[in-house]
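Taking it in order: structure first as structure tokens, then the write-up.
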Amino acid sequence: MAERVVLAYSGGLDTSVGIGWLKDATGKDVVALAIDVGQGGEDMDAIRQRALDCGAVESVVVDAKEEYANDYLVPAIKANALYQKRYPLVSALSRPLIAKHLVATARELGADTVAHGCTGKGNDQVRFEAAVAALAPELSSVAPVRDFALTRDKAIVYAQEHNLPIEQSKKSPYSIDQNVWGRAVETGFLEDPWNAPIEDLYTYSKDPATPREATEVTITFTEGVPTAIDGTPVTPLQAVQLLNTLAGDQGIGRIDIVEDRLVGIKSREVYESPAGLTLITAHEELENLTVERDVARYKRGVEAEWANLVYDGLWFSGLKRSLDAFIDETQRYVSGDVRLTLHAGTPTVTGRRSGQSLYDFDLATYDTGDTFDQSLAKGFIELWSLPSKISARRDAAQ
Ligand code: ARG
């Protein structure tokens, strides 16, 4: 039996042509693996069949939507994960999951190599290969587009010459990656960072400028995990799917950013993540109610580090695991409800409550009968500012 390579297959031009290229270049039989992370669009069965039609010896489809939501999106919600404070890691979160399945399939079907369709200029190649290295050091990785210098033009010629069942007419000027957590759109006229995005780019969200009635929604969290929407119990996947609709219909979740890629390039990216931004906004506010000041403040730094690690492809790393342990510990009391008004592109928190709240009305109130002893404040400030006072005296004496 020929050696085998497992290719992360999307059904698009590059990975369809990649099947033949891989076989030609390596002599190995190609197994196609398509992962459903809620990217929508084409039927997964059609994608499975196309891989076979393009020459794969086996074609496997995995519905990983629940796994993606439970094991990748939930940690991102707990971490309020935003790279450069804005990007909810739409692509970065899906790559380690896909890599995990590549490894599992390679082991199951006796392959010694895994492959993906990334170019040599992006982050995703790093995420795939770093994850594979961490999970299965015995496997090697190959990227036909990058390693065999296969341009799009060459791919089109190859597809025509070999009569591959790929529709060229659907070719979009953009490079798009999408899953249930959101969409990433790059290239085309967006490569000039001065060019404004056009309405056409967006599919998960409606135009926030269109006048419409606001939507009110209440999200319930249990230890940091979304567990109900408007009182109806939901799985994390259902929460994300439902909020994509509710928030997307209000134009929420659009992001236009110049982003620092790991490979050193600055790139202009347009994203939409209606559920992502809504859940993170709600979750962070519930933390404001339930997590004590020092922990919350320290956690904000951990969150930035977590987002950097995930962005940089280090999902399966010791540091990421340790940060997860810290974050999980902080979520112990992050249970309760957050009410938001969704309108005109913004999720606005209008109420929060929790059985584990640290908010003490009697301490906070300015009405009579408060329990806060204001006479203690004076002495506290004396000691709090003592080091500043002493050093100021020294400075004045210089
Ligand atoms: N820049 C984003 C990231 O690195 C999105 C990448 C999107 N991938 C793509 N093949 N279009 O996470």
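One-based numbering along the chain as shown.
Placed from the backbone N, Cα and C atoms, the Cβ positions cover glycine too.
Listed in TrEMBL:
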- 4-165: domain 'Arginosuccinate synthase-like N-terminal' (DOMAIN)
- Ala8, Tyr9, Ser10, Gly11, Gly12, Leu13, Asp14, Thr15, Ser16, Gly117: ATP binding site (BINDING)
- Tyr87, Asn123, Arg127, Ser175, Glu259, Tyr271: L-citrulline binding site (BINDING)
- Thr119, Asn123, Asp124: L-aspartate binding site (BINDING)
- 174-390: domain 'Arginosuccinate synthase C-terminal' (DOMAIN)
Candidates Ser10, Ser16, Asn123, Ser175: member of the binding-site residues with the richest Cβ shell (10 Å): Ser16
Other same-chain residues whose Cβ falls within 8 Å of the Cβ centroid of Thr119, Asn123, Asp124, the recorded L-aspartate site, in sequence order: Cys118, Lys121, Gly122, Gln125, Val126, Arg127, Val263
Collapsed DSSP category at Glu259 (L-citrulline binding site): strand
Cα-Cα distance linking Asp14 (ATP binding site) and Thr119 (L-aspartate binding site), given in Å to the nearest integer: 10
CB within-chain contacts under 8 A for Tyr87 (L-citrulline binding site), separation at least 6: Ile255, Ile257, Glu259, Glu269, Tyr271, Tyr311
Nearest recorded site to Arg127 (L-citrulline binding site) by CA-CA distance, among binding-site residues Ala8, Ser10, Gly12, Asp14, Ser16: Ala8
Fewest Cβ neighbours within 10 Å, where candidates are the binding-site residues Ala8, Asp14: Asp14
Where the C-beta lies under 6 angstroms from ligand 1, the matching binding-site residues among Ala8, Asn123, Arg127, Ser175: Asn123, Ser175
